[in-house]
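Straight from TrEMBL, the features:
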DOMAIN    1-375  domain 'Major facilitator superfamily (MFS) profile'
TRANSMEM  33-53  transmembrane segment
TRANSMEM  60-76  transmembrane segment
TRANSMEM  82-106  transmembrane segment
TRANSMEM  118-138  transmembrane segment
TRANSMEM  144-163  transmembrane segment
TRANSMEM  194-218  transmembrane segment
TRANSMEM  230-250  transmembrane segment
TRANSMEM  257-278  transmembrane segment
TRANSMEM  284-307  transmembrane segment
TRANSMEM  319-344  transmembrane segment
TRANSMEM  350-371  transmembrane segment
Amino acid sequence: MFCVFGVINSAAVFETYFKSHQLSDHSHAQLSWIFSLYLFTVYFVGVLVGPFFDRFGHRLLIPLGSVCIVASPMLLSLSSEYYQIVLTFSVLSGIGGSLVNSPAYAAIGHYFDERRGLATGIAAAAGGVGGVIFPFILRSALASLGFAWSMRLLGFILLALLIPPNLFLGTRMSTNDTDKSVWPDVRIFRDPKFSFCCAGIFLMEYGVLIPLTYIMSYAEAQGLDVGDSYTLPALLNAGSILGRIIPGLVCDRMGRFNVLLITVGGCAVTVLALWLPASDTQGLLIAFVVLLGFMSGGNVSLIPVCIGQLCETQDYGRYLSTAMLVAGFGTLTGIPIGGALLALNPQVRWTALILFSGLSYVASFACYSAARVLAVGWHPGKVF
């Protein structure tokens, strides 16, 4: 998770660098497809990876995914054209990320039930740690080593990080059920609770990926120092580390959907109340990224456990991967929509982008609320 989400949590660094160097003649909307396609590939391939894991386990998935993840920055170091960056960063790394990510999340469900929220939160925090460390590494490396060797350095770091899961990741439950199909079962969408939950995930992707991708460009557009703008994604991810652990700890007592509603609602308030009026106020912008990091980090750790609450443990991989496919379509369209909004009149484009993010969170909150009401009725105090 450090490797898969640590890299994409540094999307703002890549977006800003590409815009200033190799792809300076491309628009924000065109650049956005690089990152949206990466996440879409992670989630789309996960549709097959989850059921494959349910039946056959992780033995083939983790090594193959590791090879793809390490090869991606190595080949990216040789890339200068748009299509080359898409193939090496978006497609190859996305496939590798899916092969590693789905078994990592699903294996947690094999070992934890009552404390699954805390366990998932601790594991998911690795993505936040990566999002803190990688921007600073890339900032220093790009300035001193150049792009090619910075990407090779990133590849060697990822190689070292992927050795432990290849050696130690295991599962507890049998994966030899030959009657179990490796294909997703679309009949699970007949459950309205699951359908509303997936709609909430889809809309939530719209909300979170906008600041994650464009916060550096926003800061530079407001006249902030380039060095300070590099700090913003790191601060956002620093906030998400605690955000992924604390809600995971609390949700096992307060209820997983209950805490998810708090964090999603908190994201909506943070975007609309802090980012919208921030403009060039550096202190307000820093407060925004830290608070949003905390709240959105909670969303990351809570989604898998909320999905697990809607299915049997042995079907967890199938349910999770199907939900992540829905999220994939959110990532595929959300970032490009944001890029298109930035093509509007300079006087309104950033306001339109921020409103798009904030109102997406509001709609996501409504969907999760509907899923909870369908599950337990109008009982705000009930643990669920």
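Placement of Cβ uses the backbone N, Cα and C atoms for every residue, glycine included.
Most Cβ pairs under 8 A with the transmembrane segment (144-163) among the ranges 60-76, 82-106, 194-218, 284-307, 350-371 are made by 60-76. The stretches the transmembrane segment (284-307) and the transmembrane segment (33-53) do not meet in space: the count of Cβ pairs below 8 angstroms, excluding pairs fewer than 6 apart in sequence, stays at fewer than three. Only residues 6 or more beyond the boundaries of the transmembrane segment (319-344), in the same chain, are considered here, and those with a CB under 8 A from a CB of the stretch are 27-33, 35-37, 39-44, 46-51, 102, 105-106, 184-186, 188, 194, 197-199, 201-206, 209-210, 213-214, 217, 303-304, 307-308, 310-311, 350, 352-353, 356-357, 360. Of the recorded ranges 33-53, 118-138, 194-218, 257-278, 350-371, the transmembrane segment (230-250) has the largest number of C-beta contacts under 8 angstroms with 118-138. Recorded stretches compared: 33-53, 82-106, 194-218, 257-278, 350-371; the one with the most Cβ pairs under 8 Å to the transmembrane segment (118-138) is 82-106. Long-range Cβ contacts of the transmembrane segment (82-106) within its own chain (Cβ-Cβ under 8 Å, at least 6 residues beyond either end) map to 1, 3-5, 7-8, 14, 18, 22-23, 26, 30, 33-35, 37-46, 49-50, 53-54, 58, 61-62, 64-73, 75-76, 120, 123, 162, 165, 169, 304, 316-317, 320-321, 324.
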